[in-house]
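J.: Got a structure here, written out as structure tokens. Questions coming.
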Amino acid sequence: MSEAELVLRSTRVITPEGTRAASVAVTGEKITAVLPYDAPVPAGARLEDVGDHVVLPGLVDTHVHVNDPGRTEWEGFWTATRAAAAGGITTLVDMPLNSIPPTTTVDNLRTKREVAADKAHIDVGFWGGALPDNVKDLRPLHEAGVFGFKAFLSPSGVDEFPHLDQEQLARSLAEIAAFDGLLIVHAEDPHHLAAAPQQGGPKYTHFLASRPRDAEDTAIATLLAQAKRFNARVHVLHLSSSDALPLIAEARADGVRVTVETCPHYLTLTAEEVPDGASEFKCCPPIREAANQDLLWQALADGTIDCVVTDHSPSTADLKTDDFATAWGGIAGLQLSLPAMWTAARGRGLGLEDVVRWMSERTAALVGLDARKGAIAPGHDADFAVLAPDETFTVDPAALQHRNRVTAYAGKTLYGVVKSTWLRGERIVADGAFTDPKGQLLDRA
């Protein structure tokens, strides 16, 4: 074994070549070698033997609403990154809303970076925002290091982040395409939403009818057409409607540069199980029926959907009323995303390698961090999650690190206990004990 400061050893290490018994050598913050399990440990190196627990690359979550500054009663960098670390996530990319100010100018980005600097327990990057009136700010934000730009095609739910109409979408895409940036889009069509029945109240079936599939499908079709027009890179956020999958496949075949994500809640929860009045299950677009979920899983398997991210979007408990029309829409999932996905994947005969591909490898590639994140390979950051995949636990909201311990998974039994999480060669959480914040702020490569 070459010189190393740390050797992390397991009978099951997930590498790009597959799962095998291995000794992972780490020097400083980087992986220097992935060697045979019984390779000799160099003098002076610290051996951490985790037995048959699985060592996987730290997850990369590219869709997180930290809400800091401005709405820290909802979340914040300290609590969000602790929750992420507890769940095996070592990198997150923060959405430009629901913070105040939103990340829509270089000055606002600077404010957010200053707030995050000493609070991040994991590595953190930032998305910019595309608004009707900030086209002039997009290139400066790109040059300042944001990973891309988020836009809404329907109202966002917060006044400081208005949505784009079709003309504004075209202007933003033209500008972003000029420097080959990435536009990530909440795709629901406002006209279809306005035409849908808006009964309100506690019945989930009424809420589901108010966010119909055709609102997603129409908005995605609009986005794909504009992406083709400008040869722009676009990414569909939190896909819920399986009806849009053929549109996406056809666009790709036609050369449109589009990637797609979905979320654990769409893959693990179903409309049929949502109790009336239980707005901890509310998100937009909504959790849909079991048959729709099956098609999302098929799309993950065949590659139509690229990756899985949390869309962690918490609020204070008082905003989660029993009226689905007025309750805040968002699911807090950072700490539970890995066990929730692993539980569902194993139930469908899929492996941890699949989960790693969707939640680490491909998310790192989405934001251009795949040269250093998303894989256990020489030259990559020494980011690891150590998982006991066959151990189970029952979700207790009191055990969550989120600022507001509201969860749609309360009382569920999940497979996969995160035993420890490592960031750039240092163990940052083990058995619920955290180090001081060690996270770095990341720029687009």
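Placed from the backbone N, Cα and C atoms, the Cβ positions cover glycine too.
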J.: In Swiss-Prot, His63, His65, Lys150 are given as binding Zn(2+) 1, so which of Asp311, Asp318, Asp322 is in that site too?
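T.: Candidate listed by Swiss-Prot for the same site: Asp311.
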J.: For the Zn(2+) 2 site that Swiss-Prot gives with Lys150, His238, which of His186, His191, His192, His312 also belongs there?
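T.: Swiss-Prot names His186 for this Zn(2+) 2 site.
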J.: Could you say whether, by DSSP, His186 (Zn(2+) 2 binding site) belongs to a helix, a strand or a coil region?
T.: strand
J.: Taking only C-alpha atoms and a 10 A limit, tell me which of His63, His65, Lys150, Asp311 are near His186 (Zn(2+) 2 binding site). These are the binding-site residues.
T.: Lys150
J.: Quick check: which same-chain residues outside Lys150, His186, His238 lie with their CB within 8 A of the centre of the Zn(2+) 2 site CB atoms?
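T.: Neighbours within 8 Å of the Cβ centroid, excluding Lys150, His186, His238: His63, Met95, Ala151, Phe152, Ile184, Val185, Ala187, Leu237, Asp311.
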J.: I'd like the Cβ neighbour count for His238 (Zn(2+) 2 binding site), meaning other Cβ atoms within 10 Å of its Cβ, all protein chains included.
T.: 23
